[in-house]
Amino acid sequence: MDAQTKIIRASHMIDMNDIIREGNPTLRAVAEDVTLPLSDEDIILGEKMMQFLRNSQDPVIAEKMGLRGGVGLAAPQLDISKRIIAVLVPNPEDAKGNPPKEAYSLQEIMYNPKVVAHSVQEAALGNGEGCLSVDRDVPGYVVRHARVTIEYFNKEGEKKRIKLRGYDSIVVQHEIDHTNGIMFYDRINKDNPFTIKDGLLIIE
């Protein structure tokens, strides 16, 4: 049984055992485009990926299932070499600890996502990046575009174009990298991991 057939079964919930780790060749392969119109199998896969993110952000479910919290997941991380990503970025509480008016700043399953335009300015997260497929800390600034325009198809097969900046931009670029065989630490300066080039925006 291949990975996708296993994962899309009605009884299956994605957990950490489904996520492959660095060293697996699928993480270094360029994934295939998803065919349109979308198959039921690919739609279900996307929905299962999104459900994993929801579960991973729920403290009770995450503890019960032994999940690491995540804001993004790409199909290649499940050993499925297809250009499918899910992103679920929660909005923070305000300064007084009140919940946000909108729960998520970005909530989408993207098929065949690609960066079609980007800023000259670059950005990096101040605390670096992590990855569900990497079981170690890799310190350093992961240099990416500060702003991007993304084209993708949603699960209804509609073509969408969105502009992203800040943390949302970083998350989507990280996941698209997975569909191109790129790991986040490939973008860290090997000689000086915390070097700051002119104009680099540090996102805290």
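Backbone N, Cα and C atoms are what each Cβ position is placed from, and that goes for glycine too.
Listed in Swiss-Prot for this protein:
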- E175: active site (ACT_SITE)
- C131, H174, H178: Fe cation binding site (BINDING)
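Note: the Cα of C131 (Fe cation binding site) and the Cα of E175 (active site) are spaced 10 Å from each other. For the residue listed as 'active site', the same-chain residues that are 6 or more apart in sequence and have a Cβ closer than 8 Å to its Cβ are G72, L73, A74, I85, A86, V87, P113. Other than the site residues C131, H174, H178, same-chain residues with C-beta atoms no more than 8 angstroms from the centre of those residues' C-beta atoms, the Fe cation site, are G72, A74, Q77, E129, L132, S133, E175, D177, M183, F184. If you take the C-beta of H178 (Fe cation binding site) and look for same-chain residues 6 or more apart in sequence within under 8 angstroms, you find L27, A31, A74, P76, Q77, I85, S133.
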